[in-house]
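Enquirer: Sharing the features that Swiss-Prot gives for it:
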type	residues	note
COMPBIAS	261-271	compositional bias 'Basic residues'
CROSSLNK	Lys37	SUMO2 cross-link
CROSSLNK	Lys178	SUMO2 cross-link
CROSSLNK	Lys191	SUMO2 cross-link
CROSSLNK	Lys247	SUMO2 cross-link
CROSSLNK	Lys247	SUMO1 cross-link
DOMAIN	44-122	domain 'RRM'
MOD_RES	Arg113	omega-N-methylarginine
MOD_RES	Thr213	phosphothreonine
MOD_RES	Thr217	phosphothreonine
MOD_RES	Arg223	omega-N-methylated arginine
MOD_RES	Arg224	omega-N-methylated arginine
MOD_RES	Ser226	phosphoserine
Amino acid sequence: MAEYSGPAKPTLALNPREDSQFEKDLTQIQRRAKKKKEEKLNSGVVYLGHLPSTLSESHIYDYCAQFGDIRRFRLSRSKRTGNSRGFAFVEFESEDVAKIVAETMDNYLFGERLLSCKFMPREKVHKDLFNQCNVPFHPPSFPAVKRYNQKRGHLQMLKMEYRFKKKEKLLRKKLAKKGIDYSFPSLVLPKPKKEISSIANTHGDSEANQDPTPVCTPTFLERRKSQLMEINDDDEIILKLPVSPVKEDTQKTPAPESSGKKRLRKRKSKQ
């Protein structure tokens with residue numbers, strides 16, 4: 001008796017020797033059937049705009065799947081932040097279903113917003129519109145952002161400058177080969193020149209203006225004295241104290257002088 005080799009395969013020929021040929025014929029028949037379905041049903045693409053930022057791919061897909069079978073779906077997201085841009089593209093298997101969805105859903109109040117739903121003809125649908133639509137979304141990696149914005153050393157900065165200059169040369173060569181006369185600023189900014197030369201020039205001018213060796217003549221000495229006096233006069237600060245009003249009154253009203261005659265009269269009367 002033959003040993004039991006597990007459950008029977010779904011595509012199994014009556015003659016076990018003809019299994020491989022039978023599978024090939026079956027796959028060809030399935031492909032032809034799919035092509036016939038695609039020829040019968042022309043797909044239609046719908047543009048959805050003014051979408052709330054809180055909606056994700058699963059929410060919009062489940063909502064649109066109520067109208068008919070969806071072939072492809074894509075929600076536009078920012079590559080830098082990963083947030084929704086507020087518009088999406090839905091491809092229905094039937095073009096008639098897509099037109100019905102565009103008519104019914106246009107200006108529909110959804111999440112305090114009026115949706116804009118438009119049917120896109122085949123001429124306006126780009127061939128790369130649904131590229132990587134089946135790939136799940138991954139937010140941008142923040143370690144890569146930190147690595148890009150990190151503080152670099154002197155050697156790392158030199159390597160970056162070398163790479164930028166190399167790219168700039170290649171770009172200029174490509175433009176020259178194509179005959180494009182286009183001038184653009186360099187990718188690496190020129191380093192600012194140090195102000196040593198300007199400082200040296202100022203010192204040289206000041207030394208040149210001075211006399212080489214001043215002669216001690218009487219006119220020169222008088223000039224020096226007058227300069228010193230002006231400096232001392234500027235440095236002096238005179239403080240004036242306010243005069244109290246009581247002293248002024250005392251000065252204005254002097255005390256009366258006592259007369260000696262009155263004293264003598266008093267003594268005589270006592271005697």
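First residue shown is number 1, and so on along the chain.
The backbone N, Cα and C atoms fix where each Cβ goes, and this holds for glycine too.
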Enquirer: Which residues does the residue listed as 'omega-N-methylarginine' neighbour through Cβ under 8 Å, counting only same-chain ones at least six apart?
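Expert: Sequence-distant Cβ neighbours: His50, Leu51, Pro52.
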Enquirer: How many neighbouring Cβ atoms, not counting its own, are there within 10 Å of the Cβ of Lys178 (SUMO2 cross-link)?
Expert: 8
Enquirer: Please report the Cα separation of Arg224 (omega-N-methylated arginine) and Lys191 (SUMO2 cross-link) in Å, rounded to an integer.
Expert: 47
Enquirer: Taking Cα atoms as reference points, which of the recorded positions Lys178, Arg223, Ser226 is nearest to Lys191 (SUMO2 cross-link)?
Expert: Lys178
Enquirer: In whole Å, how far is Ser226 (phosphoserine) from Lys178 (SUMO2 cross-link) when you measure between their Cα atoms?
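Expert: About 77 Å separates the two Cα atoms.
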Enquirer: Cβ neighbours within 10 Å, counted over all protein chains: which one of the recorded positions Lys191, Arg223 has the most?
Expert: Arg223
Enquirer: What does DSSP give as the helix, strand and coil breakdown of the domain 'RRM' (44-122)?
Expert: 20 helix, 30 strand, 29 coil
Enquirer: How many other Cβ atoms sit within 10 Å of the Cβ of Arg224 (omega-N-methylated arginine)?
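Expert: The answer is 12 other Cβ atoms.
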Enquirer: Look up Ser226 (phosphoserine) in the DSSP assignment and reduce it to helix, strand or coil.
Expert: helix
